[in-house]
């Protein structure tokens, strides 16, 4: 694949060799770039459109993910297995927003690398690491949810184990991306380019990256959430006679919302990252960047889509979580006022204070007796305390599973 002066290719599958570098240098010397490529990098309207899109992604992504990290750090009760994975995902998304979102269009429209040789090695390498961390963390969240729902008799992962997995994710990301940082460097014409020793090594690294960064995570996430969806449907059908018809209908509706959420998680991951991977693979094989006049526009469109995942992740994995929303309301006055307005209009819900040390140890409900009796006269303080007791390690914790299947408190 030819080097382009306008692209800092974020995805690691877009690789090239020395012959292509020399070929591109000749193209620069002869000024034989495509007319549309020149128009794309100089058009004020196109620049403004992409500056706006990237600025929006940067602001939403940084704000949303920093907020997630802050509410988990400030409240020890929020430091559960699922929330630690979500925090790690937020950290990787912040890295993407800080490194990839502003630098890619900036490098494009400046027409060359102006950040020095050291950053030419470091910044593309850090981008690759953050992508691996993001996809591997999403995969870990899916596997954790799969184990909780499919194997409810097993004790859930401990927080200490979760932290160990996060450390392993970072180590794997750093090691797998290392060749990319080593073989990046400034070339004669001040372009930050990949300079691989052989074409075979380039193709090997490209294939490994595509498999571990997208193919395996995508199919694992899809498999886990499909199995969870099937299991939830089976559980909804296997409880005869224990609920009123209204309760059964509410449970079925909740399962439908959960299934839609699972489908959304898989779909958003695929839609965000598949176009960029396909674009880079095709360019690696057919050298579209030199022969297709619309390549630049196509790249930035799929790149924007991929970067937009940093905005969706806080919403999907944190904002739809009831406990996260409660913490957000404490931090953001505007959200708190909106919540108060809803309460005054008659919308109420009990506050749930949850602490999960090893995932199954305890769940506590802080309910006013008057509020509890209002909805159910048979509820007593004793019954509330009984519900708060930890489940036996030898039987599935129904409350834990329900937490994982309730979209209003998305613990999926």
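Cβ atoms here come from the backbone N, Cα and C positions, even for glycine.
As given in TrEMBL:
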type	residues	note
TRANSMEM	48-73	transmembrane segment
DOMAIN	64-317	domain 'G-protein coupled receptors family 1 profile'
TRANSMEM	85-109	transmembrane segment
TRANSMEM	129-153	transmembrane segment
TRANSMEM	165-183	transmembrane segment
TRANSMEM	203-228	transmembrane segment
TRANSMEM	262-282	transmembrane segment
TRANSMEM	294-320	transmembrane segment
Could you give the residue numbers and ranges of same-chain residues that sit at least 6 residues beyond the transmembrane segment (85-109) on either side and whose C-beta is under 8 angstroms from one of its C-beta atoms?
6-8, 10, 41, 47, 50-51, 54, 57-58, 61-62, 64-66, 68-69, 72-73, 115, 123, 126-127, 129-131, 133-134, 137-138, 140-141, 144, 162, 166, 169, 192, 296, 300, 303, 307, 309-310, 313-314, 317-318, 321
Close approaches to the transmembrane segment (203-228) from elsewhere in its chain (Cβ under 8 angstroms; 6 or more beyond its ends):
11-13, 15, 131-132, 135-136, 138-139, 142-143, 145-146, 149-150, 176, 179-180, 196, 262-263, 265-266, 269-270, 273-274, 277, 281, 284, 412
For the transmembrane segment (48-73), what are the same-chain contacts with Cβ under 8 Å, counting residues 6+ beyond its ends?
79, 83-84, 86-87, 90-91, 93-94, 96-98, 101-102, 104-105, 300, 304, 307-308, 310-311, 313-315, 318-319, 324, 327-328, 330-332
Could you tell me the mean pLDDT over the domain 'G-protein coupled receptors family 1 profile' (64-317), as a whole number?
85
